[in-house]
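Chemist: Take a look at this one; I'll ask things after.
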Amino acid sequence: MCQMRALFALLLLLPTSAYVFPPATQSLHAKNQFHRGSPTTAFRRNSIGLNAYKSPPPRPNIKPSFSTTPLPPNPLIPTANSKSPQTQPLHSSIGLDLPSLSSTGDNTSDHSSIGLDLPSSPSSHPLSSTSENTSDNVDRTPWILSICFVALAWGLNFPVTKLVTDSGTNALTIPAGSFTCLRFALSGAALSPFLFLKSTDLKQNLLGGLEVGAYLAIGYVSQAVGLQTETAGSAGFLCSLQVVFVTLLAAARTQKISPKALSSAVLAVLGVAQLEGIGQGGFEGLTPGFLILMLQPIAFGFSYLRIENLMKKSPDDALPFAASQMLATALFAGAYATMFEGGSTLPDSFHAIFADGLASPQALAIGYTALFGTVISVALECEALKYVSPREASVILTSEPLVASVGAAMLLKEQFDGWLGAALIILASVVTFLPDKYLTMFNKGEEDGSS
């Protein structure tokens, strides 16, 4: 009787072993249950990985009775018309598909009585797919093209913004703060319905968006101000330094300079120096517009770090959180326009832009940057990142400054001649996406060669 009570207690504890053992350990532990021979013998020997019984108890002397009624097929025993567990893994009753450590190709192993059905190939494990967050049954091509569209839309934001804010490009210009306020007020209004979904935390999204919106307002207002005197190509390449800045901030947080952070920082400094001609004419290339544009990567870098931390609390609130950020950006940009561009600048700009409806170039520019350059791009990015890994998306988005330069040449007839510096800046951004092991292997190779 005591043995039976102990056996029932072990049976109750057995399903919880899926949460006690890590996947690899549990695979080996569960695999030990599937020995050849009698299923009863195997189960009694290895019910929880302990040899509780050295031999099965004696069987009662009961005369077997035979029946002509066919038994239903056993789903655990492969037949000629069924797929083996290697090609068709059965799901566990507790929701786990654990990879087996065996590679012998034996497809006829027994199964335990609690429904732990183990795939025989590690590739069938949901976490061992080639993509970080994709399914093999999903065509990733449309989503990769969506990321390319995002890079195109974001890159064209630079020449379009310069077209509206630079007095040398058209007769009617919009101050930088007013333009930023109108742009993000329109984009925030378009995404505002997502704020009131039942599944979202409205208070948390508003407070987090208020904080992140302050950083974004600094970045976008400085971008619009700098574009009044600097080229759109230079602004695009300087903005791409945000990736390097985030890497350096992460290294400073851990107080450890990795080869990735050091390499990207050196390449970024060389690229900026070459882009502005600092090495040739001293620091004469550091114009006020250039220094203002350098606020972009700093402000955007801080915003990305805060977005990452805040999104950990509500990972499914990407669009509601984006809406709150845009509304907060419009609020802070409007405050800047009121304080530094005159109290009547914002309403005057709104009246001048939409006096002729949507036919004016300024109205089209605000509509493009708000809808295509912000709302549609953000929505596409949020959805595409479910199927495209962040590393792949980041590499594609490094083409944004190239799009800005080509777009400026087509729309504004700009001539960009800082391609060497631009190439160094892009290379600095790409280095930040490389795994540390590649740079570590490169450094080890240099050390072995020197020794």
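Backbone N, Cα and C define each Cβ position, glycine as well.
Just lifted these from TrEMBL, have a look:
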type	residues	note
COMPBIAS	80-91	compositional bias 'Polar residues'
COMPBIAS	100-112	compositional bias 'Polar residues'
COMPBIAS	116-131	compositional bias 'Low complexity'
DOMAIN	142-273	domain 'EamA'
DOMAIN	289-433	domain 'EamA'
REGION	49-136	region 'Disordered'
SIGNAL	1-18	signal peptide
TRANSMEM	143-160	transmembrane segment
TRANSMEM	172-196	transmembrane segment
TRANSMEM	232-252	transmembrane segment
TRANSMEM	264-283	transmembrane segment
TRANSMEM	289-307	transmembrane segment
TRANSMEM	319-339	transmembrane segment
TRANSMEM	359-380	transmembrane segment
TRANSMEM	392-412	transmembrane segment
TRANSMEM	418-434	transmembrane segment
Chemist: Does the transmembrane segment (392-412) reach the transmembrane segment (172-196) with at least 3 CB pairs under 8 A, where each pair is 6 or more residues apart?
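Modeler: Contact criterion not met.
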Chemist: With a cut-off of 8 Å between Cβ atoms, can you find at least three pairs linking the transmembrane segment (418-434) to the transmembrane segment (232-252)? Only pairs 6 or more residues apart in sequence count.
Modeler: yes
Chemist: Check the transmembrane segment (143-160) against each of 172-196, 232-252, 289-307, 319-339, 359-380 and return whichever range has the most CB pairs under 8 Å.
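Modeler: The stretch I would name here is 359-380.
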Chemist: Please identify the stretch among 172-196, 232-252, 289-307, 359-380 with the greatest number of Cβ pairs below 8 Å relative to the transmembrane segment (319-339).
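Modeler: Per the Cβ count, the answer is 172-196.
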Chemist: Please give the sequence-distant neighbours of the transmembrane segment (359-380): residues at least 6 beyond its ends with Cβ less than 8 Å from one of its Cβ atoms.
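Modeler: Sequence-distant neighbours of the transmembrane segment (359-380): 146-147, 149-150, 153-154, 156-157, 160-161, 163-164, 170, 172, 174, 179, 182-184, 186-187, 190-191, 319, 322, 326, 352-353.
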Chemist: Can you work out which residues elsewhere in the same chain, 6+ from the ends of the transmembrane segment (172-196), have a Cβ less than 8 Å from its Cβ atoms?
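Modeler: 161, 164-166, 202, 205-206, 216-217, 220-221, 224-225, 227-228, 319-320, 322-324, 326-327, 329-330, 333-334, 336-337, 340-341, 345-346, 349-350, 352-353, 360, 362, 366-367, 369-371, 374-375, 378.
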Chemist: Just give the helix, strand and coil counts over the domain 'EamA' (289-433), going by DSSP.
Modeler: 111 helix, 0 strand, 34 coil
Chemist: If you run through the domain 'EamA' (142-273) with DSSP, how many residues end up as helix, strand and coil?
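Modeler: Taking the domain 'EamA' (142-273) as a whole: 106 helix, 0 strand, 26 coil.
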